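Written out below as structure tokens is the structure these notes cover.
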Amino acid sequence: MSKQTYKVCFCFRRRFRYTASEAPREIKTIFEKYSENGVMTVDHLHRFLIDVQKQDKATREDAQSIINSASSLLHRNGLHLDAFFKYLFGDNNPPLALHKVHHDMDAPISHYFIFTGHNSYLTGNQLSSDCSEVPIIDALKKGVRVIELDIWPNSNKDDIDVLHGMTLTTPVGLIKCLKAIRAHAFDVSDYPVVVTLEDHLTPDLQSKVAEMVTEIFGEILFTPPVGESLKEFPSPNSLKRRIIISTKPPKEYKEGKDVEVVQKGKDLGDEEVWGREVPSFIQRNKSEAKDDLDGNDDDDDDDDEDKSKINAPPQYKHLIAIHAGKPKGGITECLKVDPDKVRRLSLSEEQLEKAAEKYAKQIVRFTQHNLLRIYPKGTRVTSSNYNPLVGWSHGAQMVAFNMQGYGRSLWLMQGMFRANGGCGYIKKPDLLLKSGSDSDIFDPKATLPVKTTLRVTVYMGEGWYFDFRHTHFDQYSPPDFYTRVGIAGVPGDTVMKKTKTLEDNWIPAWDEVFEFPLTVPELALLRLEVHEYDMSEKDDFGGQTCLPVWELSEGIRAFPLHSRKGEKYKSVKLLVKVEFV
């Protein structure tokens, strides 16, 4: 037990006692049930792992290992209550079932959600920040598997720069970016890295790109047989430790004109310290939609492929393994499936939402064989993001995000790709891959029956006392914490709830139960956020986590919390019970 002193006005001080965390009432009850004379033996713990933690394959050896790690040398015969509580709240009791790759990785890459970056070279906003290889390295170290580079002639027209065209961003040399990708592509995952090029080059500079890419990537570069188009994408397993180039077939060079940094529409930057709430894709802002139906990403602009190939250097064309491009015509032409050729299509977030109003099932069918990339609308000049569930629920594999930003949308992205060992590839659920007649194709907006109900008990939290100054949340008293608990998923499953606020407590014990009926648990993410209530100002941020529901471990688990930027706190955790009922 320790004491904290807070100043009140100039003359007075308030003193509060800080006490060590204590096991919640239900934990004590469980311990009594699975112990004898105050000791939980190996057999008791083994039964607890099977009955409560739902670890059907747990062995007595697993139980003994837990006792060895959680007990002192003097108490290796079993766990006392404090040691049992320490184990439950410890790092060896995580919320995700598996921390290794466990999905089937032998299907075509069109069958996977892929961790995708947007304008991966930018250090900040979309209009005036620096371009650098550092954000690319950071993204790769976080498990991102798709890196986007906008390539332009340099000022002398004799080399290639990477920058956000028609803005005031300062360029970085392409060769630096390529070397960074080569050096760090497989730091955290062996699965393939896709480099998408937004090409604004002359044919002679395209030849130079081909030389750079071939020299730097060497034998790890994946290229299809000369003169052949892919009829089906290879699998992640077959492409392990390979780099893939994706862009549209080269077209005639058009030199950029004057800088144009003004975008129409409202900047959709984060509205609060921790980020605006994630919008539902059934509550679309029509006025914003009108401003950016065409987006500002010309990666897949309509192109006359026959004309473009006249001057395109063959060595550059040969680099392109994943062809991108929008066929001439409307969205129905874009979504046509060619049985003899697969390709990548890019749509802005607004284009996707507009298309999904009438063509949701066609989009899902398209993504069963082809790749669909979604990118942020042009008015997101502060590098904010959007609701990724819109793309995922329609089967889009590459939902491109500004990784240098932060906010609730990015938390969903980070949470999604904690699945499958954090390798950057997540097998799409079967419902998105089911083919046949239109009645068999998944409709993201359909009202479906409840498949399961997720019950979440938020017992308590701790760790803020160690990771923050004692006046970080409040100058005059300990913090007043509450937790927001909810689901991000298809519209019918999406909801947020909250606990009561507990005043003046560094170790809040809410002990509240929430139930979430889920119609599509395969696309549901559990959201947990802690905030500190402030009567006069905006509530303070106290940590967050987001996790894929389908990979949650049942039972009582320690949920580590993360900062606004997604960095895990050293000590802050929530003790939560997860049940499917």
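Backbone N, Cα and C define each Cβ position, glycine as well.
As recorded in Swiss-Prot:
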type	residues	note
ACT_SITE	His118	active site
ACT_SITE	His164	active site
COMPBIAS	294-305	compositional bias 'Acidic residues'
DOMAIN	26-102	domain 'EF-hand-like'
DOMAIN	103-248	domain 'PI-PLC X-box'
DOMAIN	317-433	domain 'PI-PLC Y-box'
DOMAIN	434-563	domain 'C2'
REGION	279-314	region 'Disordered'
Fewest other Cβ within 10 angstroms of its own Cβ, chosen from the active-site residues His118, His164: His164
Rounded mean pLDDT for the residues that make up the domain 'PI-PLC Y-box' (317-433): 95
Nearest-integer angstrom distance between the alpha carbons (Cα) of His118 (active site) and His164 (active site): 11
DSSP helix/strand/coil residue counts for the domain 'PI-PLC Y-box' (317-433): 45 helix, 23 strand, 49 coil
Structural state census, the domain 'PI-PLC X-box' (103-248) (DSSP three-state): 40 helix, 37 strand, 69 coil
Composition by DSSP (helix, strand, coil) of residues within the domain 'EF-hand-like' (26-102): 40 helix, 5 strand, 32 coil
